Amino acid sequence: MSWQTYVDEHLMCEIEGHHLASAAILGHDGTVWAQSADFPQFKPEEITGIMKDFDEPGHLAPTGMFVATAKYMVIQGEPGAVIRGKKGAGGITIKKTGQALVVGIYDEPMTPGQCNMVVERLGDYLLKQGL
């Protein structure tokens, strides 16, 4: 299965009539492996900050997390595994696997829980595959 298929069929899938605004699978260096049409372009320093937060949980909390210059307030996550952010009526979930970052961005009416489920389910699957 191609990386684009994972994005199209597993991240951008419909959940209770809703779907993510955008999604992607990136390498730990920020290289895009696959993405949805509207996925924002991360800046290198944003990826650096995200990876540092995985290594040092809480690193982004004081400043917020920036994604394509949009600022997200960092909310509860799983140290070293998941970063969650909130921005207005939407938010972001990033799941770290051995080689990748699985990213989902949502807006209402999709809920944070639905975004978390979609992103973390694929991330957990990739971890089980050694990826």
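Cβ coordinates are placed from backbone N, Cα and C, and glycine is handled just like the others.
What you are looking at is a predicted structure, and each value in this text was computed from that prediction instead of being measured.
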Task: 47-63, 81-97 - the one Swiss-Prot records as motif 'Involved in PIP2 interaction' - done: 81-97
- [ ] Go through C13, C115, our disulfide-bonded residues, and report the one whose Cβ sees the most other Cβ atoms within 10 Å.
- [x] C115
Open item on the list: Can you tell me the CA-to-CA distance separating T111 (phosphothreonine) and C13 (disulfide bond), as a whole number of Å?
Closed with: 14
